[in-house]
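Over in Swiss-Prot, the protein carries these features:
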{"type": "DOMAIN", "residues": "6-143", "note": "domain 'SprT-like'"}
{"type": "BINDING", "residues": "64, 68", "note": "Zn(2+) binding site"}
{"type": "ACT_SITE", "residues": "65", "note": "active site"}
């Protein structure tokens, strides 16, 4: 089933209102499941949410974006802070936030410990231990765990 057909179906089933604008996938979305554009009424969806979290979660995200869509065109409060939006989202069982996706781009955490005071530091980037020292006692830093790259 095409994305546009699916969104139209969800709109009719859950909102009893037609969806008449454009829908597209947007791979560049990272922290959100979808986006509504009031200027022209189209919706963007994150394909990773559908691929990794499944159709059930994706349907709830479609409902969320359709809440923005239908409330905007009814002239009601369509933003997250508005009561109309919160009530409609609850009524159609949409998601308020997207569950976190398994992030393949995350860097492993490197753990450093001061040899003098035992203070630990967690960093995503490597620290040059010959150049940098402990911020508390100026002691020498030692890399404790070497993550697999």
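Residue 1 is the first one shown; counting continues down the chain.
Note that Cβ sites are derived from N, Cα and C of the backbone, with glycine treated the same way.
A map of Swiss-Prot features onto the structure.
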residue: 64; record: Zn(2+) binding site; CB count, 10 Å: 24
residue: 65; record: active site; CB count, 10 Å: 22
residue: 68; record: Zn(2+) binding site; CB count, 10 Å: 22
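For the domain 'SprT-like' (6-143), the model's average pLDDT works out to 93. Residue counts for the domain 'SprT-like' (6-143) by DSSP state, with H, G and I taken as helix and E and B as strand, are 46 helix, 23 strand, 69 coil.
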